[in-house]
Amino acid sequence: MRQSKKLGQCFLKDKNFVKKAINRAELTDKDIVLEVGLGEGALTKELAKIAKKVYVIELDERLKPFADEITSEFENVEIIWSDALKVDLKTLGFNKIVANLPYQISSPITFKFLEEDFEVAVLMYQYEFAKRMAGKPDTKEYSRLSVAVQYNADVEFICKVPPSAFSPKPDVNSAIVKLTKREPKYHVKDEEFFKKVLKAIFQHRNRTIKRALIDSSHEIGIERNILKEILEKIENKFEFTERVFKTPPEKIGYLSNLLYDEI
C-alpha cells in the first residue's frame, strides 16, 4: 500500500524501537492502552500481547486489511475509524498511550492527551519537536511548547530514531518521548490566560519579558497602553528585565497570575 503524504504516514518497521517504546511504557495485563495510527500493525500486535485492551484510532480505511488481520488474531484490539482529534477520548477509559504519531498533528494531539487522566504516554515525534518538548530554560530548545507540556507532565527524552526505522523513510530524524502525567508543580489562576501569555512572550523569546509582552499585547487581549500601565503598577513584583528564554516556567506562571489579577 502506498502511504499517504497528506496523512503524514511513515510506518515504524524496526522492531527494536517498537520494543523500546513498549518497555518504557511498563505495560501489564491490567493496562488499557490507546494507540493513534495503526500503520501496518507492528506496534499494535506487540501491545495486544501484553495489555488488557488496546484501542487504535485510525483515519485511513485503506488500512482495513491490516486491521482485520490483527482483530482476528487478538480479541482485545478495537479499531476506531476516525480522526483522533475529533474522538471523545474520555469514553475510552485508557490509562496508557503508546503511539507512532502522525507528525502533522503532533502538537494538537499532545495537548488533547494532556487533558485526559492517563498515567504514562510513550510517543514518537519528529526529533526537533521532541527536543523542544523537553527543553529547559536558557537553552535553544526552550519554548512555548516546553512550558505548556511540562505544566502537568514530566517529559523524558528516550532516544533518537533514524529514518531507516520507518517505511517510507521520512526526511527527518525522529525521537521517542515519555510523558508522565502529574499535578502541576505551580498554580495558575486561569489556564487559558496562561496559554495566551505563553504565546505572547515566546513570539519574542530573546527579548525581555516586558518588551515581549508589550510587542504582543494583542495576544493576551489587552491594549498596549493599558498593558504598559499594568506593568508599571506591578513592576516591583516581577523581574521584567529577564529574557524570555531564561525565565523558568514557575515564574511565567506567577507572571500570568499577576497580569490576570489586573484585568
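Don't overthink the numbers, they just go from 1 along the chain as shown.
A Cβ is built for glycine as well, from the same backbone N, Cα and C atoms used for every other residue.
Per Swiss-Prot, S-adenosyl-L-methionine binding site is recorded for Leu12, Gly37, Glu58, Asp83, Asn100. Cβ neighbours of Asp83 (S-adenosyl-L-methionine binding site) (same chain, under 8 Å, six or more residues apart in sequence): Leu59.
Among the residues Leu12, Gly37, Glu58, Asp83, Asn100 said to bind S-adenosyl-L-methionine, no two Cα atoms are farther apart than 20 Å.
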